[in-house]
Amino acid sequence: MSDTALLITLLLRGGQIALLLQIAWLLWRDYRHALAARLGVLLTIGTIAFVVNSTPPIAPMGLARLPITLLDAGNSWVMFLFARALMEDDFRLRRWHALPWLLLAGIGAVNCVWLHPQHHPWAGKVATLQSTSTLLLALATTLTALRDWRSELVEPRRLVRVTLICGCGIYALSVPLRALTMGEDFATASRMHAFDGSLGITLFYCGFLLRRPRADLLFPPANGPAVGDETPPSSATTETSTTEKPDYQPDPAQLAQLEHLMSIERLYRHEDLVS
């Protein structure tokens with residue numbers, strides 16, 4: 001790589017890291033109460049590790065880049081958890097969620113410390129395994145967004161969430177897919193993709209989505225119920241509901257018409273119904 005190309009690469013990587021730091025800061029400052037936002041911070045840290053790990057001066061360092069490799073190798077699983085937390089309001093982390101991350105990070109560490117520096121015959125197979133696992137998790141991330149988008153009743157929030165997750169998933173799909181189809185190792189494919197600026201464009205768009213008030217559609221507010229949540233009834237309301245029983249009986253024809261509007265015509269998708 002010539003000096004000019006190396007300088008351009010370093011400038012692009014510096015801009016990408018600056019955008020990632022800004023995204024992490026915005027998430028932590030405004031939405032750290034939300035699980036999806038905290039996972040988003042971890043995702044940005046892992047993406048910073050990915051950018052640094054694939055930079056030409058860092059890639060040949062071997063053992064010295066082990067901590068960065070750990071964060072980079074397990075980041076695809078963090079992205080999958082981020083997608084689930086963003087699309088499923090009732091999603092909670094479990095202890096077993098750490099096991100896939102440890103497995104992916106361990107594979108990356110073995111390849112970084114032992115196989116790749118010694119040019120072991122299994123180094124290529126392990127690199128292919130890493131690319132395949134990243135490809136499958138990126139595909140699962142995209143499918144998660146497409147699977148759950150119909151369950152989101154608020155049309156603007158659904159559009160922002162699905163666009164954000166699909167953008168991250170498509171980029172994550174492109175890196176291992178190119179490595180598998182063109183016979184390149186993971187780091188080389190990462191350098192080629194990051195160099196053409198695709199990651200920078202994706203990060204710029206993600207930063208645009210995280211500007212208020214648009215970002216309020218992604219994460220529930222800290223003070224107050226999230227969109228779609230029910231507020232707890234007051235004591236007076238509870239007493240009234242227990243002592244008074246309304247005599248009104250719903251009209252079956254009206255119920256049938258309401259069911260038709262909601263299930264067939266999907267009336268809830270109209271933006272003018274959302275306050």
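For all residues, glycine too, the Cβ spot is worked out from N, Cα and C.
Here the structure is a predicted model, which means the values were calculated and not measured.
Taken from TrEMBL, the feature transmembrane segment covers 6-28 (among others).
Residues or ranges marked as transmembrane segment in TrEMBL: 35-52 (among others). A Cβ distance under 8 Å defines the sequence-distant neighbours of the transmembrane segment (35-52), meaning residues of its chain 6+ beyond its ends; these are 13, 16-17, 20-21, 23-24, 27-28, 58, 65, 68-72, 74-75, 78-79, 81-82, 85-86, 91-93, 168, 190, 194, 199, 218-219.
Positions annotated as transmembrane segment by TrEMBL: 64-86 (among others).
The transmembrane segment annotation in TrEMBL covers 98-116 (among others). Nonlocal intrachain contacts for the transmembrane segment (98-116), taken as residues 6+ away from its ends with a CB within less than 8 angstroms of a stretch CB, comprise 62-63, 65-66, 69-74, 76-78, 122-123, 126-127, 129-130, 133.
Under the heading transmembrane segment, TrEMBL lists 122-146 (among others).
Here TrEMBL flags 158-180 (among others) as transmembrane segment.
Residues annotated as transmembrane segment in TrEMBL: 192-210 (among others).
Positions annotated as region 'Disordered' by TrEMBL: 221-250.
For 230-241, the entry in TrEMBL reads compositional bias 'Low complexity'.
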